[in-house]
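Here's the structure we're looking at; comments come further down.
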Amino acid sequence: MRVNNGLTPQELEAYGISDVHDIVYNPSYDLLYQEELDPSLTGYERGVLTNLGAVAVDTGIFTGRSPKDKYIVRDDTTRDTFWWADKGKGKNDNKPLSPETWQHLKGLVTKQLSGKRLFVVDAFCGANPDTRLSVRFITEVAWQAHFVKNMFIRPSDEELAGFKPDFIVMNGAKCTNPQWKEQGLNSENFVAFNLTERMQLIGGTWYGGEMKKGMFSMMNYLLPLKGIASMHCSANVGEKGDVAVFFGLSGTGKTTLSTDPKRRLIGDDEHGWDDDGVFNFEGGCYAKTIKLSKEAEPEIYNAIRRDALLENVTVREDGTIDFDDGSKTENTRVSYPIYHIENIVKPVSKAGHATKVIFLTADAFGVLPPVSRLTADQTQYHFLSGFTAKLAGTERGITEPTPTFSACFGAAFLSLHPTQYAEVLVKRMQAAGAQAYLVNTGWNGTGKRISIKDTRAIIDAILNGSLDNAETFTLPMFNLAIPTELPGVDTKILDPRNTYASPEQWQEKAETLAKLFIDNFDKYTDTPAGAALVAAGPKL
């Protein structure tokens, strides 16, 4: 660690932060460990040491993102390009903010950070040097600095020496906005972005994921405008260099299924796809830990050691962790640097073009098959639909599975209209000759979740090509091509109708789900391209 690295309090004054008496610049993991466990710390700043060697922290009531508190400054930069919450048919979280309110929020955060001892972490978002963002994170909380050191790409000493930030993130978790009502905002908490100033402000929420997903939203704005796919997916590569990407919302299996001992991990959540291939945005993983076991997910379990950072888990007095306890939240998490997983792409998290594109869905209705092979039009239809069941706890206030449609399997992070992401993805897939599949990691007629063992065998069949050679039949209403048998998979579950006491039970639920799909897709029918895709969806 080089304290300050020549970064002076005067430089922070350019952002409006004054009277800083100490800057801890790009702290080492050892220093962060000492800082987090400092016995003089109180509240959510203080970490607890666990028996696995990782520090655990609490994020208070903010155990997930706060999408209702997300704002983007509407000005000449963004007015005509952003996908706004108050325009068009599609619902999203991109609420406009006036430049005046932005200045007020910025004043609150800079006042909070002024006169303090600050942690500054410079890191990259994006493994491709041509398109990466150089991001400077500023916080007064040691574990928040640890979180971004884990999650973003750590620069070399040479890269740090010439580091010039493209984007500034100021985390003022301890401050809130008392004037929120007069300003027409959702609450006293805020996560705000300004594309002209290239800055993110955080106030009121302690959730680390706001910094991670904030930069994802920015990459989702900048890259597609350059013709580069920006994707909420995990990715891995096989021995022959064959790349697979796994799209899916939180809790559908992206991290679990891409962390495969037979394949090298590119990354578990956020990727781009350009002329050279698929590349990670991040330098770490952010895995869910609820009900984590060493037997079911050994790679993730073994990644929880010194330098990993646990969030909202229950730590017993002896330092052991109760991974089954979801009393604080179902969205318990761990962040760790990607090299905590043994089988990764080195030295840079990128590989060639993807040939297999897998859409993960967790169907709470028990209607969709465990796997189906999609046509080109079905690929676009299901990508724009982004169906899953919201699983407990990744957003505040959601505890039971409820059906949701999230465009591009990541509507919360989209900055442009969903059709722009679909167009770029389709172009990349066509150029690479990629095939798409819909994989249901959710429930079936038994009321039980499809086992990880069966899902892994299905993924193996996709990746080794045996699914493409399998005989298929068509599931009515949804018109999906389903294999009649697959090695290592219980044949009985391949047709979801067989998991019900009677086919009529499936039919009834299927009609309900089909109607939800049709109603949701209506928002895309105002364009000729969208209207043409209706035929690829379910029919009643």
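Keep in mind that glycine also has a Cβ here, set from the backbone N, Cα and C atoms.
Marked as substrate binding site by Swiss-Prot: Arg65, Tyr207, Lys213, Arg333. Per Swiss-Prot, the feature Mn(2+) binding site maps to Lys213, His232, Asp269. Among the features that Swiss-Prot reports, ATP binding site is placed at Lys213, His232, 248-256, Glu297, Arg333, 449-450, Thr455. The feature N6-acetyllysine is assigned by Swiss-Prot to Lys87, Lys523.
Sequence features, as recorded in Swiss-Prot, placed on the structure.
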residue	record	DSSP (3 states)
Arg65	substrate binding site	strand
Lys87	N6-acetyllysine	coil
Tyr207	substrate binding site	coil
Lys213	substrate binding site	helix
His232	Mn(2+) binding site	strand
Ser250	ATP binding site	coil
Arg333	substrate binding site	strand
Ile450	ATP binding site	coil
Lys523	N6-acetyllysine	helix
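Around Lys254 (ATP binding site), the C-beta neighbours below 8 angstroms that are at least 6 residues distant in the chain are Cys233, Ser234, Phe246, Phe247, Gly248, Asp268, Asp269, Leu360. Least packed by the Cβ count within 10 Å, out of the recorded positions Arg65, Lys87, Lys523, is Lys87. Per Cα geometry, Lys523 is the residue among the recorded positions Arg65, Tyr207, Lys213, Thr256, Lys523 nearest to Lys87 (N6-acetyllysine). Between the C-alpha atoms of Arg333 (substrate binding site) and Ser250 (ATP binding site), the distance comes to 11 Å. Each of Lys212, Phe216, Glu270, Gly410, Phe413 belongs to the same chain as Lys213, His232, Asp269, is absent from that list, and has a C-beta within 8 angstroms of the C-beta centroid marking the Mn(2+) site. Between His232 (Mn(2+) binding site) and Tyr207 (substrate binding site), the C-alpha separation comes to 19 Å. The shortest Cα-Cα distance from Lys213 (substrate binding site) to any of the recorded positions (Ser250, Thr252, Thr256, Ile450, Lys523) is found for Ser250. Secondary structure at Thr256 (ATP binding site), taken from DSSP and collapsed to helix, strand or coil, is helix.
The two recorded residues Ser250 (ATP binding site) and Lys523 (N6-acetyllysine) have their Cα atoms spaced 23 Å from each other. In the shown protein chains, 27 other C-beta atoms lie within 10 A of the C-beta of Ile450 (ATP binding site).
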